[in-house]
Amino acid sequence: MARQGVRRLSHSVCLVLTCLSLALHLILALFCLSVLQTSCVIPPSSSCSSSLSFPGTIPLGKQGRSHSLSSQSSSHKLPVSRMNGDFTKMAAHIDHKVEASFNIVNEKEKDKKLIQTKMATKVVSGQRVSNHSKLEALFSHPLYNLPRKHLLEDDWLLKLKPKNKGEDSEEEDEEEDSDKSSEDSEWQSDSEEDGYDRANWTRSADIHPAWLRYHLGISRWELYDRNDPSVAEVTQQMATQRILSAVQKSGGTQLKLIMSFPNYGQALLKPMRQERDAETDFNLFYFSDFERHNAEIAAFHLDRVLGFCRIPPVVGRLINVTTEIRAITTDHKLSRTFFTSPVGNLCFHGQCEYYCSTENPVCGRPHVLEVSLASMLPDISLAPRRSWRSPWRRSYSRTKLAPWEKNPDYCDTVKQTPPYSQGTRLVDLIDMVILDFLMSNMDRHHYETFEKFGNDTFLLHLDNGRAFGRHSVDEPSILVPLRQCCRIRRSTLMRLRLLSLPGFRLSDVMRESLSQDPLESVAPLLSEQHLPVLDRRLKTILQAVHTCLEHHDDVIHDDLQGYDVMMLT
């Protein structure tokens, strides 16, 4: 009897424990289910990353990743709100918006849009502090908003043909006749049949294409005004417009193409030749490296961040080698160089002095190719340019040294030689040296100016394809002109000091500026190794200036006379 009682008791205890275990499992299951059903809350981000639009760049989210980059591929933006503790309401609001935005597309298109949205709304670590755009703050600083010099008629590179007497009435009659003819006839000009826009330009700037307004804005002192909206339009059109023509540019050591657009604008194309994070081989000489498409884009942004505005607008783009080069080119020499690689990629190499062979081809993947597109300057027939040999040009020899490498007092000779003996040419050159040192460009053998302005004008910072080749080491020889001459503009020095401050850190504003290029959606234009290097090189420049100030009196060229310098700091 005792044993039976014990068995009954044990059975009852086991039954109770089993029920208790089942109850605990049921509670745990209900808790997990409630967690899984809770919507994820998107962290807050600054609207500047996707909506900030300034001249020369294109906001992310407005450009697709396909080669066409047309307006038809505009991405849907997810609404982002500040977290206020009411997670459930905000998550439901987001889910509702997402569902409403994407229920009209199929599953494949839905995935594509979601990827683009994530790219458009991402916030890079360290780019902003306290929801604040460092780039926007930089361009709002007084040093970047100095009053522009008063421009005379001869200070503009191009000008419209002046009106003659009685021309107003003639133009009105012509406009009326053209309106009637366009209404009564379906005739199209040859240019329209070829895909170009109808050209009916007058003196009104409203009907000029963006590239023409950009050309008309070139002055004696700057290539473009940073706040000129036509510059942003130029970059946007280069990234999105249909390509009508592709021919190889003559001259030069590496392959370059000239691309034409429906509005008669043109751009210089440089293709992707190597991976973005690939460093220049240390065994190669500086004149043996490939040009980089991303270096041209990054150089444009850096030049603008420094406040120079001396590089033509550049933008990245994905193009289709088959439909946007091979199928439309009229360059027979170029068309003969196309071939299919062993893995099925379409390649070509063109004809040039170096790296134009089947051993060094440009290849799509299998048809898509990353490129940089730089806006063309006004034609030489309209605005002749003069090429100047740099006094600090390298020897371009494997054995010989240049004169400046052998003579530490070389700058004393340069200062006595026109045009460096007067005006601002020497400090203009130092500005270019600072730009080159920051991006490690050793290939600055010549520079150009517009002939119309003589020696009293800015220098064009062209051809930057060999920049950003190395991030692990700096090239001190690039900075020799600054160390030998010990001259620098006050405005340049003040902007460099500003960019060394944490609130305007150069690497941060460059990261933010580059993030708005269309190719940023594919991969960062500069690897993360390159960005902190800018801060390191900036410190080197400021230290060189500090050394000059300790040993020389006439170091600062004061281009801020009449300004309250304390108000600019």
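Note: Cβ is positioned from N, Cα and C throughout, glycine not excepted.
TrEMBL entries are annotated by machine, without manual review.
Taken from TrEMBL, the feature active site applies to Asp443. Annotation comment: TrEMBL describes Gln254, Lys270, Glu291, Ala374, Ser375, Met376, Leu377, Glu448, Asp463 as ATP binding site. Positions annotated as Mn(2+) binding site by TrEMBL: Glu291, Asp463. Residues or ranges marked as compositional bias 'Acidic residues' in TrEMBL: 168-195. Taken from TrEMBL, the feature domain 'FAM20 C-terminal' covers 338-553. Annotation source TrEMBL lists region 'Disordered' at 163-198. For 1-29, the entry in TrEMBL reads signal peptide.
Feature map: TrEMBL annotations on the structure.
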{"residue": "Gln254", "record": "ATP binding site", "Cβ contacts under 8 Å, 6 or more apart": "Phe290, Glu291, Cys352, Glu353, Tyr354, Tyr355, Cys356, Gly465"}
{"residue": "Ser375", "record": "ATP binding site", "Cβ contacts under 8 Å, 6 or more apart": "Trp211, Tyr214, Val234, Thr235, Met238, Gly265, Ala267, Pro312, Pro313, Val314"}
{"residue": "Leu377", "record": "ATP binding site", "Cβ contacts under 8 Å, 6 or more apart": "His215, Pro312, Ala383, Arg385, Leu460"}
{"residue": "Asp463", "record": "ATP binding site", "Cβ contacts under 8 Å, 6 or more apart": "Asp443"}
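For the recorded positions given as Glu291, Asp443, the lowest number of other CB atoms within 10 Å of the residue's CB is seen at Asp443.
Largest Cα-to-Cα span within the ATP-binding set Gln254, Lys270, Glu291, Ala374, Ser375, Met376, Leu377, Glu448, Asp463: 20 Å. Along the domain 'FAM20 C-terminal' (338-553), the predicted structure has mean pLDDT 95.
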